[in-house]
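Asker: What follows is a structure written as structure tokens; I'll ask about it next.
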Amino acid sequence: MKWYQLDVEKVEQKLHVLSSKGLNKKQVEERRKQYGENELKSQKHTPRWLIFLKQFQDFMVIVLLAATLIAGLLGEYVDAIAIMIIVLVNGLIGYFQEQKAEKSLEKLKELSAPMANVLREGKWEKIPSREVVVGDIVRMNSGDRVPADVRITKSNSMETEESALTGESLPVVKHATAIRKDHLDAQDQTNMGFMGTLVTRGSGIGVVVGTGMNTVMGQIASLMANTKKTPTPLERRLAELGKILIVVALLLTALVVVLGVLEGKPTYDMFLAGVSLAVAAIPEGLPAIVTVALSLGVQRMIRKKAIVRKLSAVETLGTASVICSDKTGTMTENQMTVKELFLNGKHIYVSGDGYDIHGDFFLNNKKVETDYPNLRKMLLYGTLCNNSSLMVKKGKYFIDGDPTDGALLVAARKIGLKPIDEEKFKIIKEIPFDSDRKRMSVIVEDENGKRLLITKGAPDVLLPRTSFQLKDKNREVLKKEDKVKIEMAIKDMANNALRTIAIGIRPLTTKDTLDDAFLEKELTFIGLYGMIDPPRKEVKAAIEECRQAGIKTVMITGDHVNTASAIARNLNLLPENGLVLEGHQLNQMSVEELEDIIDDTYVFARVTPEHKLKIVKAFQEKGHIVAMTGDGVNDAPAIKASDIGISMGINGTDVTKEASSLVLMDDNFATIKSAIKEGRNIYENIRKFIRYLLASNVGEILVMLFAMLLALPLPLVPVQILWVNLVTDGLPAMALGLDKAEENAMKQPPRNPKEGVFSRGLGFKIISRGILIGLVTLIAFMVTYQNTPENLVYAQTVAFTTLVMAQLIHVFDCRAENSIFDRNPFGNIYLVVAVLSSILLLLVVIYWEPLQPIFHTTSLPLKDWLLIGALSAIPTVLFAFKRSNKE
Ligand code: ADP
Ligand code: MG
């Protein structure tokens with residue numbers, strides 16, 4: 001017998017589980033041992049030693065190793081060993097960098113891993129899908145991925161999309177009854193849910209019958225493509241740039257070597273110098289450092305509760321010019337409290353805050369008794385047409401499920417209505433809420449077998465479906481003037497920033513069809529709920545900060561126009577003459593027409609997820625880089641189309657998370673702002689170390705080139721060049737990647753996404769500082785060499801020290817876009833430490849006798865440091881003053 005052929009009770013028996021209880025801890029543990037983790041095992045891990053070896057397959061490293069070999073063969077053992085050690089250390093650094101990047105990506109994967117709702121020991125809990133075991137009772141809502149293969153035990157209009165398995169993209173309606181047929185294919189097993197398929201509508205509960213590789217998906221897992229890391233635009237651009245730089249560096253190096261040989265210098269010396277120079281000057285590690293900087297940035301974002309799913313998003317974030325954000329839950333707390341009822345044509349006010357169950361009802365400032373006509377009815381129906389539960393933990397009440405529904409439970413509790421009262425009714429059918437329908441219905445049967453449809457939803461959606469109203473004890477036809485009165489009440493509540501929900505009923509007989517199409521009409525209006533959802537405290541400031549950073553914030557909501565506008569005004573999001581557009585207006589507009597007014601529009605109300613796509617397109621046509629948030633299944637297309645798709649970590653569905661490039665762990669708008677700020681910062685930091693590295697390289701090449709042109713001896717020996725490449729160019733560059741943003745970072749318009757790496761004067765800065773670094777090093781060399789021509793090692797040591805110091809001073813200049821004095825030069829503690837340790841290593845190489853023969857150095861007398869200090873400060877100081885004069 002197959003699972004789909006068995007009745008639910010049979011399935012549960014076989015798996016030793018009750019759908020009301022779930023598994024217990026012991027069972028879970030046993031089964032995890034028996035079946036392993038619920039994972040598809042398709043990816044292979046690269047072993048560590050291979051990662052280490054990979055560091056040496058680099059072309060330049062191979063050249064270096066060849067040079068070592070030649071040096072060894074020629075009997076230059078000191079050179080050979082020194083180069084060997086440097087190559088090894090270089091490899092180790094590369095290895096650790098890669099490890100770090102890998103680890104942070106792994107952590108990311110873990111953070112964005114899919115979760116599952118399971119029932120264990122009678123309690124619903126959210127666990128990583130990986131920990132689901134056979135026999136678990138799981139609940140799936142629209143937008144979720146089915147966590148394992150399950151036999152459906154309950155379906156609320158649940159539909160799944162199984163194209164990943166069957167190729168069929170039409171949704172399949174799921175039910176719980178056994179199918180007594182043999183040899184059914186997966187697509188015909190309509191009472192089964194399959195791992196990895198998507199719930200597109202409704203919700204359902206199922207018992208897990210297969211996990212991991214023992215699922216239908218597991219059987220075809222080998223067919224699934226492994227996701228490969230694609231380079232980000234910046235990495236790609238740098239890789240291309242790198243190719244050009246390699247050619248330039250090689251040409252210059254060749255020039256140095258040829259000049260040297262022509263001047264009669266020993267060929268071996270020139271060869272080794274050429275190789276080291278090429279190794280030092282070619283920024284072959286640039287893309288790798290960029291990756292490290294990006295993944296370090298990603299880690300910082302995690303600490304700020306933003307999970308980046310695609311590395312490229314880090315770059316795009318810095319260019320965002322519009323944020324389209326959901327209102328409910330992202331800008332607001334999503335903690336609803338019913339504050340007002342409209343019942344029997346009167347406004348009734350409700351006291352009490354949050355989910356606290358204490359509160360009273362007031363009419364004209366007088367307390368209303370619980371037997372007030374229809375009050376009990378309205379509140380009871382609100383708890384029946386409901387998908388959440390009110391829970392208590394350590395004396396504090398909270399909601400499990402939709403907060404809008406939760407608010408209705410709390411309101412009912414204020415007159416003492418409890419779940420027990422609901423148990424007198426049996427729910428026969430549920431048509432779930434979604435943002436397109438903007439309403440939810442249930443059919444209930446009371447103790448006497450009488451059936452009732454209860455519908456609640458957006459008032460402007462419900463009213464057209466309403467023909468009657470409840471007045472005192474009677475049902476009467478809803479007249480035009482009654483409708484006007486209700487509409488006024490809706491506007492009135494919405495103007496006070498209240499979220500409005502209407503509730504209505506329709507008596508049914510057992511003969512009536514339960515077909516969706518016939519149900520939600522000819523309703524009898526009962527009343528309106530008005531609930532507040534306070535804005536999150538930090539949102540107002542975040543919107544303001546974005547505005548100063550040239551980023552426009554737009555509110556998108558399914559809520560009523562007036563509610564949305566009122567909250568938008570509170571948040572200072574909607575200016576005096578800003579436009580508010582409604583979904584029905586969007587319907588009548590083409591994308592072009594929308595483009596014309598979109599820059600003046602700040603709020604989109606009563607929209608459905610489809611409208612979001614149109615909004616994204618219109619903004620993009622206008623040249624904007626759009627960040628768009630979403631949580632439901634239907635938001636996925638718009639999220640995909642936007643430049644930065646953002647999903648919700650808490651209330652988001654799996655589909656939107658998969659479509660998004662950024663997940664907000666706290667669902668908070670302010671987190672988007674933090675992520676953008678971080679995104680800008682990371683890009684600036686990358687610019688900083690490109691600036692530093694390339695200027696250093698230019699300096700290194702030029703000092704050698706100048707010396708050859710002037711027919712001087714080599715100012716630097718090969719190991720010194722390699723040392724500079726490793727130490728001076730290594731540590732400080734990484735520290736620049738950890739720099740904090742400049743103070744004015746969020747006071748400037750977003751970066752133009754088309755701008756090149758060298759824009760905003762970066763190219764000039766690199767070349768001018770590079771030339772200066774080369775020049776001062778050469779001068780230091782020449783001055784010393786002229787005084788003591790017999791002691792070349794001494795002059796070389798001075799040149800080496802000047803080069804290193806000039807770079808180490810210049811690195812502080814790289815922290816600021818304008819002048820080094822714009823900010824405390826020593827504000828980056830990592831950089832200070834990196835520079836100090838570089839200086840320490842420099843002193844060791846110069847003054848520690850055992851190392852002197854290896855690095856061709858000699859101890860410098862104190863007086864030389866004056867010369868070195870003065871010269872090495874020039875490249876930085878010269879421009880610092882020049883600029884401050886100008887300003
Ligand atoms: P948003 O998330 O932007 O506030 P929704 O699509 O969730 O928009 O809600 C739109 C409207 O649908 C709300 O203004 C409310 O009137 C109604 N609504 C929201 N949640 C529910 C629910 N659980 N049941 C019935 N109606 C709801
Ligand atoms: Mg909502």
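Even glycines carry a Cβ here, placed using N, Cα and C.
Under the heading domain 'Cation-transporting P-type ATPase N-terminal', TrEMBL lists 2-76. If you look up TrEMBL, you'll see 56-74, 80-97, 244-262, 274-296, 689-714, 720-738, 766-785, 791-809, 829-848, 860-881 marked as transmembrane segment.
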Asker: Under 8 angstroms, Cβ to Cβ: which one of 274-296, 689-714, 791-809, 829-848 has the largest number of such pairs with the transmembrane segment (766-785)?
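Answerer: The stretch with the most contacts is 689-714.
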Asker: With DSSP as the yardstick, break the domain 'Cation-transporting P-type ATPase N-terminal' (2-76) down into helix, strand and coil residue counts.
Answerer: 44 helix, 1 strand, 30 coil
Asker: Test of understanding: applying the rule of at least three C-beta pairs under 8 Å (pairs 6 or more apart in sequence), is the transmembrane segment (244-262) touching the transmembrane segment (791-809)?
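Answerer: By the criterion, they do not touch.
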Asker: Are the transmembrane segment (80-97) and the transmembrane segment (244-262) close enough that 3 or more Cβ pairs fall under 8 Å, when only pairs 6 or more apart in sequence count?
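Answerer: As far as Cβ distances go (cut-off 8 Å, pairs 6 or more apart), the transmembrane segment (244-262) and the transmembrane segment (80-97) do not touch.
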Asker: Are there residues at least 6 beyond the ends of the transmembrane segment (829-848) whose Cβ is under 8 Å from a Cβ of it, and what are they?
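Answerer: For the transmembrane segment (829-848), the nonlocal Cβ contacts are 723, 727-728, 731-732, 734-736, 738-739, 797, 801, 804-805, 808, 811-812, 815, 855, 857-860.
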Asker: Which range out of 80-97, 274-296, 860-881 gives the transmembrane segment (689-714) the most CB pairs under 8 Å?
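Answerer: Answer, by Cβ pair count: 274-296.
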Asker: Excluding the flanking five residues on each side, which residues at least 6 beyond the ends of the transmembrane segment (274-296) place their CB within less than 8 Å of a CB in that stretch?
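Answerer: Cβ under 8 Å, 6 or more out: 58-61, 63-64, 67, 83, 94, 97-98, 100-101, 104-105, 231-232, 234-235, 238-239, 241-242, 245-246, 249-250, 252-254, 256-257, 311, 314-315, 682, 685-686, 689-690, 693-694, 697, 700-701, 704, 718-719, 721-722, 724-725, 729, 733-734, 737-738.
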Asker: Give the nonlocal contacts of the transmembrane segment (860-881) in its own chain as ranges (CB under 8 Å, at least six residues past its ends).
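Answerer: For the transmembrane segment (860-881), the list is 768-769, 772-773, 776-777, 779-780, 783-784, 794, 797-798, 801-802, 805-806, 808-810, 812-813, 819-821, 846.
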Asker: What is the pLDDT of the domain 'Cation-transporting P-type ATPase N-terminal' (2-76) when averaged and given as a whole number?
Answerer: 82
